[in-house]
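Per TrEMBL, these features apply:
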BINDING   Arg63, Ser64, Gly65, Asn76, Thr80, Ile81, Asp82  substrate binding site
DOMAIN    14-143  domain 'dUTPase-like'
Amino acid sequence: MTEVLIQRLDPDLPLPAYAHPGDAGADLVATTEVTLKPGERALVGTGVAIALQDGYAAFVHPRSGLAAKHGVTLVNAPGTIDAGYRGEIKVCLINLDPAAEVTLHRGDRIAQLVIQQVEKARFVEVESLPGSARGNGGHGSTGGFAGVTR
Ligand SMILES: O=c1ccn([C@H]2C[C@H](O)[C@@H](COP(=O)(O)OP(=O)(O)OP(=O)(O)O)O2)c(=O)[nH]1
Ligand SMILES: [Mg+2]
């Protein structure tokens, strides 16, 4: 377990919390009420700012319950919180439901924060890359999409 310095920007709202001991994501709450029409998006505050150690990043992930029940997800999933970022963590919500608008209230859990160690790369330019079993195959090269027959 790593310690993360956190600043509460909205004293009446809870800090991010893990719902269960084994959870990867700590739930983030909304600072404001927001109503999203179908297809609409909004940037919503969470009332917290963090300072991660170098070598770490935090990722803002959608909540599967909001996605499955209401079609609400994140435009930029997962959002990347850089170790050097000291501003409020914000969540770019979008309503992908084709028909129903949705209202999220202040204090509702709208996303979850996953803290991870990350590698920095030193990019080494080469004329050609070493071979591999996959080679250039991608974007469905292995076939077999469920329900699709051609
Ligand atoms: O879901 C997100 C994604 C990002 N951020 C904050 C933290 C992050 O460190 C900063 C920049 O994010 P990113 O690099 O993804 O955005 P950008 O469009 O490249 O902006 P910038 O030019 O500021 O890097 O914005 C959030 O609060 N929520
Ligand atoms: Mg950036």
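Glycine is no exception: its Cβ is also placed from the backbone N, Cα and C atoms.
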* Is any of Ser64, Gly65, Thr80 (binding-site residues) within Cβ reach of ligand 1, i.e. under 6 A, and which? -> Thr80
* With DSSP as the reference, give the number of residues of the domain 'dUTPase-like' (14-143) in helix, strand and coil. => 7 helix, 47 strand, 76 coil
* Structure fact -> Widest Cα pair spacing in Å over the listed substrate contacts Arg63, Ser64, Gly65, Asn76, Thr80, Ile81, Asp82 is 26
* Would you mind listing, in sequence order, the residues at least six apart from Asp82 (substrate binding site) in the same chain with a Cβ closer than 8 Å to its Cβ? => Leu52, Ala57
